[in-house]
Amino acid sequence: MDVHVLVADRYRLDESLGRGSMGEVWRATDQILGRPVAVKLLHADVPDRVGATDVERFRMEGRTAARLNHANVVAVYDFGAGDGMLHLVMELVEGWSLAQERAGRGILHPWEAAGIAAQMAAGLAAAHREGVIHRDIKPANVMLTAERTAKITDFGLAKFAHEAAMALTGTGKVVGSAAYLAPERALSRPAQPASDVYSLGCVLYELLTGRPPFLGPTALSVVQQHVDAAPVAPATLRVEIPVPLSDYVLRLLAKDPAQRPTAEEAAEWLAAPTEPPVAPLPRPQDAAPATAVLASVHLPGTEGLPTTTRSHAARSRRVSPKALLALGGAVVFAASAAIGMAMSSGDGDNAAPEPPPATSAQPTTEPATPSATPSPDDDHHGKDRGKGDGEDEKGEEKRREKQRDRGEDD
């Protein structure tokens with residue numbers, strides 16, 4: 001198809017955005033409304049594959065998809081058949097496919113992948129409420145915007161594309177995206193909303209681990225595993241994946257459709273803030289065993305008062321600088337209080353009095369040497385000692401005089 005060609009006399013093709021097995025997607029302009037749109041053109045031979053009845057079914061599917069109005073669904077504006085081709089006019093999403101995201105980044109952070117899957121599930125839930133089943137959920141059919149909004153595309157086209165391919169390859173043969181195919185579809189049973197949920201689980205599995213749940217040398221071998229093989233838990237392949245998330249992916253991949261959550265339930269669970277929260281900072285009273293330390297300081301007059309001790313064996317031994325400063329200040333204050341109370345119990349002097357020197361019952365022959373800085377009590381005791389010594393000297397002098405007098409008499 002050439003640039004600037006008008007489709008249905010309304011949509012001008014401006015630029016080719018990509019080509020797939022069923023057709024080509026173009027950036028186009030709606031000449032009537034003057035807005036950019038995406039136009040998907042099915043290959044010219046597609047109508048020949050399915051016949052008039054299937055073309056009418058395509059119109060019905062397109063009409064149903066056009067009723068969907070959800071932030072996580074690429075809106076369908078128009079559809080039709082003309083000039084020997086089928087076309088689908090859709091919302092133009094400025095972004096890239098989830099398949100391109102995977103190719104560029106590899107595996108995603110677990111909760112980022114869960115967030116994208118939650119948006120996909122929300123879009124599927126909106127479609128299922130309208131009775132629309134996608135039937136071909138895969139990374140290539142999910143668009144991501146720069147704001148990380150996920151949008152599912154190709155609603156109204158997937159069923160038609162599947163039936164067209166079945167007609168081309170023969171009834172009963174399995175075709176399509178084998179890596180994301182639900183077991184019931186592999187067994188040629190009708191698609192149901194749970195089939196989309198299973199495919200969603202396959203996509204999330206790949207975003208988390210970097211690979212689909214089942215691998216094999218051929219599409220048929222992969223399809224067979226969807227039917228009878230148990231997938232390896234994602235957390236086994238990548239230890240960073242939280243176990244609850246890993247277990248929930250396995251629920252999405254249940255073999256029995258009745259055992260899978262609904263798309264609405266999956267959207268609610270995957271969008272919940274289930275990532276482990278950051279551990280809260282310790283409370284001030286838990287920072288250090290300050291109560292126990294203060295209880296060990298003895299203060300006069302506190303006998304009989306209850307003391308409080310707390311066990312901190314199970315708590316962290318790390319003490320913050322602020323806690324150390326507070327603790328040190330408390331201990332200094334307590335010690336100062338103890339000293340002050342002890343001093344207040346004395347006679348009021350600023351200096352603690354020295355004990356008085358012991359006095360003998362017998363008089364001493366040498367006077368006591370006074371202290372360089374005697375206290376009042378020391379000075380008083382010194383005066384008493386000086387007075388006693390003077391009296392002893394006078395008595396001795398009298399005895400000596402009496403002895404001299406006796407000698408003269410003799």
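Backbone N, Cα and C define each Cβ position, glycine as well.
The domain 'Protein kinase' annotation in TrEMBL covers 11-270. Predicted-model confidence for the domain 'Protein kinase' (11-270) is 88, expressed as mean pLDDT.
The ATP binding site annotation in TrEMBL covers Lys40. According to its DSSP assignment, Lys40 (ATP binding site) is in a strand.
Residues or ranges marked as region 'Disordered' in TrEMBL: 345-410.
Taken from TrEMBL, the feature compositional bias 'Low complexity' applies to 359-375.
Taken from TrEMBL, the feature compositional bias 'Basic and acidic residues' applies to 377-410.
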Item to check | Cβ atoms near Lys40 (ATP binding site) (within 10 Å, other residues, all chains) | outcome: 23
